[in-house]
Each structure stands twice: as C-alpha cells, then as structure tokens.
Ligand SMILES: [Zn+2]
C-alpha cells in the first residue's frame, strides 16, 4: 500500500515529523514500511505562469514565442510543445531554476531570439511517466484556470510529497486505506483522527424511485447499496485529487472514475459506477452466474462464467463481475449523464476464487479478498456521492436502494491487567492499559482492572484475547518488554542416537576425503528414472510428481540422489574443476501406489560421486585416478566403522558399467550399490570415468542398532590363521569369502582378503588369493584341534566348490 | 701374576682403542675374554697360588675383566653411533619439496550453520525433531490455524502433489506432530530443522527449495518476555555479543502476538548502510506466542498451557554471516564455494 504523506496529513496531525521518522514509528508498531520515496526530485524557481501571448518563432516553424506573466515580471520564453496556447496557465522554470536530473535553466538564444526560461511538462518536473494521465502525457502541463499566477508549482502539483510503501500482512486489511492508516498513526502518536465530509444535501427525488436491489446470493453478497447521482458533468477531477491518486499509484481518468478510486483509497471500500442510462433497467439483481453464461468485461474480454462467479445484472444480463470488474456495456464514458453507484460487501472467498480463475487482481478485488469494514460500506457510498455532487456537479438523490443482511455488530473482548502482564512478562499499570485502548479508539467499559472492549468492525482481525494482547503489547512497545528466560520444567536437550550417528557418518565421510553437497530434491522427467538402487527398483515405485511445477526441471520427487549430484560434477568440470569427490545425505521418495493418495515413504540415503584424480604429486610422478577399489574402500570403511558385516555381489544395475558394479548386502538384504557410472551416460553428461555409491542409510541404521544390542566385548582370546588358494582366474574373491564364512561359522568371526596374485609360481589361467581368518569362541578359550578341524572343513569346501587347492 | 694381569689389560685396552669395526671388537672379545682367551688362561693358573693370595688376585682379575668388557661395550656403542650417523646422512632428503597431498572433505555451509544452531538450542534444553518433507494439507496448514481458503495461504505458494498432499512450505508441521505425540500433557522444548519448498522462481534471493529451522516451547506460564530473552541469547551467540535485537509486531496465523526479530547491523553499527537498507537493522527471524487454536487442535489446553515459537532460514543467516550474496550458490555445489566454507 502506497501512502502519501501529504494526503495523510488531512486526517492526522503529523506535526513536524519527517516522513522517515514517521516510517520508523509505524514499522516499530507493527506495519513494516518498506521504503520512503519522494514523489519527485526537488525543483525550485518553478512557478505558475499565464501565457499572455503565443506566436510562431520568426525563424522556426515548430517553435513558439510566448510572453508569460509569472507575477512579478513577464518572461519571453520559446516553447516547442504542440499543445501550448495563449490563455493557458503553465509551469514556468525561471532562469536560475533547478529541475530534476540536475538540469539548470539559463537565459539562452534560440535561432537568434532570446528565451528566458522553460515551460515544463510533468515529466520534466520529475513525475513518473506511468502515473501521468494519458491525455496530458504529451507536451506541457496546463493548470486549471484558478491556479494563482506566480505561486510555486511544488505544492500545487504535490511535488514535495513522500510516499511510504507499507507492507500490509494478511491480518491488517484495515490498513489498506488512508483512514485505516490514519487510525494506526493516530494510535501511535496519540492523536485524533479527522473524518472526511460525507454530508449530502436533501433532494426531492429518492434513489429508490430509480432503482431497486434484489440479491439472490446473500451468502456471497450480504450488503448491496445503490446510490443515484443525476446530471453529472464528466470532466477532469480537481488537481489535488489527481495529485493524491498519482501519489497512490493510480492514474487519473475522469472525475467519476477518479472519485470512486479516491474513495477506494480513502475508505478502503471498493465502489463501482455504472452509467445509469446504459444499465437500462430499474432493477439490480445480484446472483450466481448460470453455467455457460458469458459477459464482456471493461477490458473487452469475453468471460465465460459459471455458478462460482457472482454477477451484478440488470435483471436480464450480467453487467459486472461482482467486486472484480465492470462490464463494457454499462461503463461510464464521456457521454454519461446519470450515475448508478454501487457500494457493496462481497464475500472474500468468492472474490478470491474469481480472481484466481480470471487472473483479474485489482486494488478493489484485493480489498474484498482481505475483508472490508462492514460499517464503512454505505459511508463510502455517501462520501463518493458527496464528492460527485461537489466535483461533477451531480444531483445526489436522497437515500439509498439497498439489500442489507450484513452483520455489522462489534466483537466484545474482556481483558484484565493481570492476564496481560502474566502473558507478556510485563508490569503494565491498569491506567496505561486504559490509555492504550483510548489511543486505539476501541470503546470500552472498565471495572477495576477489567476491561470490556467493543472492537470496532474495521479491525476484523481482532477476535480473541491474544489479539488484544498483541494490540496492547505493540502500542506499549515491544521495545519495553523485558528479557527473561523460561522458568518452567528443565528438560535436558540433546540429539537422539540416530541424529548423533548421522553426524558421525558425515564426519567419517569428510575424514576420508569427501565433501558434502546439497542438491535439489525435485528433478526432471529424465533423471527421475536414472541410477535407482536395485532394492528400490524391485519395489516398482511410482514417481511422485508435482501437480503444478514451476518448470520441467523440478517436477518429480527424486528416487535417487545421484542424478543431481552428477549434474553438480558436470557443473564443476565445465569450470575446470575436474577432481571431485562428493557425498550427500538426503531423502528419496518411494511410493508404491499407482495413483498417489498418501505420503510416499521418505528414505534417508547416503550417496557419493567421484571423478578425476584422487592423488597427484607431480614431482614424484605419482598420480592415482579414482577407481572402483577406492570407492569400495570408502564404503567398506563406513561398514567397518559401524562394525556391520557387508557383502559385495557383482551385479548389473541400469546406468552402471556392466562389469564394474556391485550390490551391497547386509545379510540377505540389499542396501545399495557401488560402481562405475556407465561410460555412455558419463559421456552424455560430459563426465570422464566416474564412480558412485548409493546406500540406504535407514537399513544401515537398523543393522547398526541390531548389532549394538547383541554385541559383547569378547572375553576370550582369538586365533588367527592364514590360508591361500589357487583358483581359476574367473572365480570371484568375494564368493570364496562367503563360503569360508558359511563353513567356518560360528567360530570364524572375520575373514579378510590380504593378497591376490597371478604370475610366477602360479599356473597359467589360475590365480592365488590369500585369506586371513580370525577364530573366536565367545564362551571359552579355543582349543587347537577345534581350529584345525574347522580349517580342514573350509579347505575341503572351497576345494570342492571352486576346483581349488591350497597353495603351499 | 698381578703384573701379568695388568699387562693383559693394557694390551687389550690398546687394541680396543684401535679397533675400527664391530668385527674387530668381536675378535678382541674372544682373544681376551673368551673361553680360550688370555684372561681365562691366567685365571686357570690361580690354583698354584696360596690360600691368602687367591682372593686378592681373583679380585684383580675381576677388575681387569670388567674394565675390558666395559671398554668393548663403550667402543661398540661408539662405532654403532658412527655407523648410524653415516647411514642417516646418506638418507638425507630435500625437505623443501612439497608434501604428499592428503584428501579431507568438509561439510556443506548450510550443514555447518544448522548444526551450530542445533547445538546452541540443545544447550538451552531443546531436543531436535525431524519430519516428512511431503506433508498433508492438515499438518502443513490446518493444524497451524490456516484453514482452506485462509487469505494467509497466499503468503506461501505451495507445491501441491494432490489436493491433500504437498511439499511442506515450512517445518512447522513437525511442531504440530510433536504436540500431538505428547498428547497435550508434556511440557517440551524442540527445534526442527529441514528442507522446505515454495513455488518460487529461482533467483538471487528466492529458491524453490531451502532450509528452515523452527523452534517451539510449550509449558505452563510461558511469557512473551521469555521469547524475547531466548531470541536475544540466540542472536548474541550466533552473531556476536555486541549485537542488539529488536522485536517488531508482525503476523503469522499460528502465533499471536507475532513478532519479527531484527539484529543491529554489523556493517554500520546501526547508523544505516546499504546492507541494512539504511535502517540500521537486519531482519533475521519471525516468531510469536503459539496461537491458542494451534494449541487446542494439538490437544493442549490453552487455558493451562502457553508457548512460543520461532522460525528462521539458515540460508539467510549464512548470507548475512558469510556474505553469500546469491541463494542459488548453496545448491550449485561449486567446489570453490564448498571449500571456502569448510571451516565455517
Ligand atoms: Zn547497516
């Protein structure tokens, strides 16, 4: 909401307070003033001048030579504006004047003739083009005839005004008017509010002789008032009104339209003026539109209507989309003689729906949406009638034709000083509470320290004790609230086991050389299908999509963190940062429903992506690219850290290198995968050899908690044995390990591969793999023969299963 | 015999003195102290001595043996020392060459900020709660006093999935869920950090995904001054002891009274500059006293319980604290950006 400082002065005594000081006070009391801007840069030595004569310049076709009376002297001025004419009153920048844009006016000679000043347009005086009425946007500005010659144009054109931009939040609809702001400022400054003149002369005829009102949808339109103003003269509105409208960001049009806009701004009550004769009916019917009904609005658009739209009709056809926009067929124009003025209360929800459906948001619809003051609807109509009589020479007919089922009653709230102080932590005196209520102009009765408050309907936001609490607190001053700390129950704060573990895993990831990334959870149609971990694929998840995404890039809830991480890698590589090692922890969204009706399962996952060089030390010619075993080592480190046994199983995973990918298992449960990104996909993403891992952190948490609860510190010593097998080259080390673990259970606690060898002393087509076995019995010290027996069984099992033999 | 022994000693010590390596020392040891060594030979002749002479000569022999052994040991140690020094000298390297790089990663700046804030509130007795990012309309809006068609819903443009499901627009639903879990009986303090989503076009100051931390304290007799004191403590720990705070009235549907908190501008010390848009103050967070409807919907009797709530954006805090000027920077994961803040 734009508030003109000069306009506001009409309602509240602002003393000598600067606009900036006022803004600071308003902000501190609850409505944020976002900016204070001056309407125009300062001009001086610019006065009203009378164009006594105007002739063509002797040496130039397009220039005029004018003699302009500026009060104390007559200046010869050359003017190029096409609209200059003898008899006009214009803005004259005298020699020595300074105009916005640091323009200095001097005596000059133009084509041999002296020019002593400049006749100005509004633009030249620093006004924003967009607020200047279209009919005077070209050429110089012409004052009304009564403008006093020689007077400074600054006050006449309101050029010294400051505009305060207020950020009105949803609850303060009351402040969306000059009067509302006046109440607010008066409360803050402890001043009175001056009310506008709503008086109307008595007329012989009454409005009801000309119009009747019928409302068929009282739920959406509980009040409709129709005023009739006869014999209006359409012309420009007075200069002061035009100035204020421009200051409020509204472009002046003609007196009738300007007056409805002016009252809209002044009272916060939208009004609509119909051309009575073109309305061509003596009956207003307000109803829901029929399905399929259409109307042409002011902007000459045909609007398709339905039962959700409220329309104003003349009994036959729609003449306005209620509260949103008038119809083209009943618009006030230059030929208008008689005006039918609507002052109505429309239901905010209904207006909001119409605005959403049509996209027609306006100063009017916004106020209806937020709720107007029930007790100001009719008054606004009277105020506009008053102004139409005064500035359009109209005859206001007595009374108003109306439909009225509007609840205009005031809320009663009872508060007492003790409750207020208890909740605020303050020590405000009862006397002060009373003074605050008076400043707010809330009528009340007082019984000792209890107040029964009658909340004015303009403050529709105040309905309960807590609302009054805020009113008292903000006028008292949030600054004056003491600083205290809670005195209640003292629980010990802290993180849960899982939250602690999450932090530890993050630290581990960082200590092994990975940096954390944070990518978007919303991804595109291509990436939603990529790099999904096999155990999720098995669940056949339905991608969850937004109903109305902002862009195709962020439409689906991710099923894998990796695609967005790879995007991050590409982004960096494009900026010559090619050695990258990242991890990210975040949720993926798994839904097993065909049609989404309930929240998808959110699964926390830990992903990593690495590319480029892992190690580089040029002077020693050392260089190590990231590879499968580096990434595997990292994943193993995590599981060792958590003491969770884990198994890697060669597998094919979509978008991954078919020969360099493994599924990660805890027991029989798949918990993710690691491996090399498929070179085809890597190429598409402008990536070189890239390795990734993706793990279900929740499954890992579960396994960790399981192990914690079963694990005791071993009491008896362990025995280590090494064993090396000669195996066919194709045999996987992990499969042999699995057999050793199975056959060796329960005494074999840990199996580690410590050597893989091919070459001398190993037959062609064979390889040697050495395992280190750790034996332990939790209940007693192991005997040699037990270990020996188990060892023999393992050798036998491996030999027979893999066609292997023990290397001696 | 005494003379004989002394001569052996002198001869042996002389030889030790001249020995050049461990091998020579070993030979000397065998020659004099070995089983067939000269000292042993002399001692074998002791049987010829008288009863009185025997202990005297024996003692001398012991002295001689110890002296030779000591000399051998000392010399051996000396030779080892020399050898070692020689070896070490040969192992010298250029210590001015660069070291082998060690890879260490770091946290994302937002993680650092979130954890810092978490720890700060944990110190004040808060627990940390988390909740789903896909929420129901009920928990995201209705339970927070934002019924359908409430005008304030326009304040938050929402990514809907269905009419009833949406991407949470704030972490407040976690508060509603926590209150329900505690069944209107238990006083508690909690904060809830997490990702939130708004239907915004990404630009320097808007992001369709961002982070939020909200806090909630519910108990008997919670005062608005407690909120002010808590936020003051937070601001001073987070931004520096010299920072002042200012509360301004504001509006949120889930709190009443509502506040907005500013901190004094560090750049201009409150005098007004471009960072604070000339006001001397910088907006940090919003909060207020929990709306009685929010309490009662979650099962807390507002006649008995009251509470305060607050919410802040770690991105904004990071932008202020570390001078990050484009919110998109947090999500691009540029290596240089990430690295710059690893120690934050
Ligand atoms: Zn500043």
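Glycine too: its Cβ is placed from the backbone N, Cα and C atoms.
Binding site for Mg(2+) per TrEMBL: A:467, A:470, A:471, plus A:461 from the candidate set A:461, A:479. Across the domain 'B5' (A:408-483), DSSP classifies residues as 33 helix, 16 strand, 27 coil.
In the domain 'TRNA-binding' (A:40-154), the DSSP tally of helix, strand and coil residues is 8 helix, 49 strand, 58 coil. Neighbours of residue A:470 (Mg(2+) binding site), defined as other CB atoms within 10 A of its CB across all chains, total 26. Highest local Cβ density among the binding-site residues A:461, A:467, A:471 belongs to A:471, counted as other Cβ atoms within 10 Å over all protein chains shown.
Secondary structure of the domain 'FDX-ACB' (A:714-807) per DSSP, as helix, strand and coil residue counts: 31 helix, 32 strand, 31 coil.
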